[in-house]
Amino acid sequence: MDEDFNITYITLSGHVQVETYRCLYFIVIFILYVFIICSNSTIVYIIWIHQNLHQPMYIFIAALLINSVLLSTVIYPKLLIDFLSEKQIISYPACLLQYFMSYSLGGSEMLLLLAMAYDRYVSICKPLQYPTIMKKTVVCVFLALAWLLPACEFVATLTMSINRKLCSFTLENIFCNNSIYKLHCVSSKSISVYGVFLLLNIIYLPMFFILFTYAKIFQITFRQSKEVRNKAAETCLPHLLVLMNFSLLGTFDIIIVRLESNIPQIARVIMSLQLVLYHPLLNTIIYGLKMKEISKHLNKLFC
């Protein structure tokens with residue numbers, strides 16, 4: 001607690017031997033952050049400049065990649081500062097803001113995947129109605145809802161937490177996640193209940209709808225020609241891979257808070273970084289190499 005300015009600081013104690021390896025950590029994370037920005041931005045640029053990619057599916061992919069860059073930007077700059085600092089601390093309001101931004105953008109990721117699943121369903125199962133259903137206005141509404149809805153829902157947790165009394169000032173992590181509730185003197189039943197509502201509303205309901213949508217797509221295409229089945233697999237499998245990856249990493253993030261005391265510190269750091277490290281990198285690999293049209297334009301750009 002800084003008495004002069006009445007600011008509460010939280011110590012981030014999840015760093016492993018940062019005094020010994022601070023330069024190595026800084027170089028590795030900086031290279032990864034630059035690579036995430038450049039690779040995601042390159043695919044977004046390709047979608048932007050080529051008219052044949054101005055379709056709902058590619059617009060949603062661009063939005064997903066932008067979301068990955070924003071999520072990385074919430075975490076990586078603070079990590080880089082901490083590696084070069086003597087003390088790894090963050091003010092409590094800034095910690096809440098980082099928590100809010102990371103989970104809000106995580107929710108946006110799931111809703112963007114939901115929009116992509118619906119787009120693929122209409123495209124494959126209702127091809128004649130596709131131009132009238134997936135109009136530009138509808139795409140804009142989907143994008144607005146994907147970014148605004150999670151933000152509005154997570155604002156409630158922010159307002160419930162900001163004035164709560166703290167009895168602990170050490171967070172056993174390298175950035176602020178939902179383990180910040182362990183800092184409170186008294187656990188709040190309302191926050192816990194609302195957290196379950198957010199989990200169902202932002203993660204599990206969209207996931208159920210996405211899986212149901214792709215099941216319907218594969219059920220319909222199974223009865224059609226091999227060419228149609230191949231086209232469905234080509235466009236749907238990358239989205240399913242991203243969904244599975246994001247869902248597993250999101251589940252790790254929830255589990256790690258529950259089992260925090262039973263997990264070695266180095267394993268806790270690796271699991272915490274998965275969502276902001278592997279996922280943005282995997283997105284570029286899946287959409288850059290597995291999506292035929294994007295891969296073709298990437299080859300033209302670099303070769």
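From the backbone N, Cα and C atoms, a Cβ is placed for every residue, glycine too.
Annotated in TrEMBL:
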DOMAIN    39-287  domain 'G-protein coupled receptors family 1 profile'
TRANSMEM  24-48  transmembrane segment
TRANSMEM  57-76  transmembrane segment
TRANSMEM  96-118  transmembrane segment
TRANSMEM  138-162  transmembrane segment
TRANSMEM  191-215  transmembrane segment
TRANSMEM  236-257  transmembrane segment
TRANSMEM  269-289  transmembrane segment
Rounded mean pLDDT for the residues that make up the domain 'G-protein coupled receptors family 1 profile' (39-287): 83
Top partner of the transmembrane segment (138-162) among 57-76, 96-118, 191-215 - counted as Cβ pairs under 8 Å: 96-118
Distal contacts, the transmembrane segment (191-215) - CB-CB under 8 A, six or more residues away: 106-107, 110-111, 113-114, 117-118, 120-121, 150, 153-154, 156-157, 160-161, 178, 181, 236, 239-240, 243, 247, 250, 254
